[in-house]
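Annotated in TrEMBL:
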| type | residues | note |
| --- | --- | --- |
| COMPBIAS | 1-14 | compositional bias 'Acidic residues' |
| DOMAIN | 140-344 | domain 'Endonuclease/exonuclease/phosphatase' |
| REGION | 1-31 | region 'Disordered' |
| TRANSMEM | 35-56 | transmembrane segment |
| TRANSMEM | 68-90 | transmembrane segment |
| TRANSMEM | 97-115 | transmembrane segment |
Amino acid sequence: MDVDADLDEDEDLDAGPARPRWQPRRRSRPPAHGAARTVFAVLAWFVLTALALVALGRLVHLDDAIGWPYPALNALTPLLYLPVYAVLLVGFALRRNALMVAVVPLIGLHLFWTVPEVWPATGGRDAPAGAVPVRVLASNLLYHNADAGRLGAQIKADQPDVVVLVEASPLALGAVGRSGALAGYPHHVELPKPGAFGFAVYSRFPLSDWSVREVGGQPLSRVTVTLDGGRKVLLYPVHTISPTTAANVRAWRSQLKALTDEVRAAKLPVILAGDFNATRDHRPLRRLLDAGVRDAHDVAGAGWSPTWSTESLLPPVLRIDHVLASPAFVVTGYHRGDRIGSDHLPVIVDLALRTP
């Protein structure tokens, strides 16, 4: 008899059945949690698709082909595409690789379109020897602004050589006049009108050859300014119609095209100043720049400088007020003015006309 074998068998019997090894219990996701993830993913894809269609329309020139509502959408480019960064975060959080990959081109486009507005690549320069300096202030007064006289303090502080006022209604223009700030300008031309399309120019330099023609149902004005030394330049006080309807878009395009044609045909250096109701994201304004003028804001490297709208407690979001000038001008400075009761901020630009 093998005692040891019997003992081993008894020990095995006493040990009982073998216990299974412990394994961590897998927790199943609650149904509500999975549903929330699906909802976030669907919303992210919806936002991505909608913005991709808007961007595609811009890339294939649908803004030219169909007009409204693309001018409004393109104007909001710096803000409109901000949700794409949230889409990227949603894709990362949900581990949706396809979503993350799909949003990258839109992020690239947004940066390509917006970075030059926020962070221009150039900067203002000192005026070369012999250049004729001229400081220009351009302001949309807002035609029903009874407080437009507040612009007087800005004029007195900045001492511009040329003041360009649009939406110069009798009410708003009268308020500026009563401030006394315009008394130091011996030369002026005025075309005040009730409503939004009156103009006025005040200058320390002689003005001549004031002309007005109708484009898109609104006046397009031009005046010749004779700077120190007898150099002549063409000045256009600009206020295009706001592209808020299909009919307005057609008029707005025709006005910007007329300015483009004027710049191409000009035999003298040109300054265009005022409210263009257009940003660099609008193709008609880019065509105007391509015709032979530069945006003083960009040349000065002024960075994020929106001028509209100032009617709420929120900061302005769009830069639709510009001073554009021929390459014959060196841009030596750019800044925005203070609030004057208008929905626009004034723009003050320092230029210097190079010697021929």
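Sequential numbering from 1, following the chain as shown.
Just so it is clear, glycine is given a Cβ too, placed from its N, Cα and C backbone atoms.
Here the transmembrane segment (97-115) has long-range neighbours at 41, 44-45, 48, 51-52, 55, 77-78, 81-82, 84-85, 87-88, 90-91, 281, meaning same-chain residues at least 6 beyond its ends whose C-beta is under 8 angstroms from one of its own. Beyond the ends of the transmembrane segment (68-90), by six or more residues, the same chain brings 40-41, 43-44, 47-48, 51, 54-55, 57-58, 62, 96, 99-100, 103-104, 106-107, 109-110, 113-114, 117-118, 243-246, 248-249, 252, 278-279, 281-283, 317-318, 320 to within a C-beta distance below 8 angstroms of the stretch.
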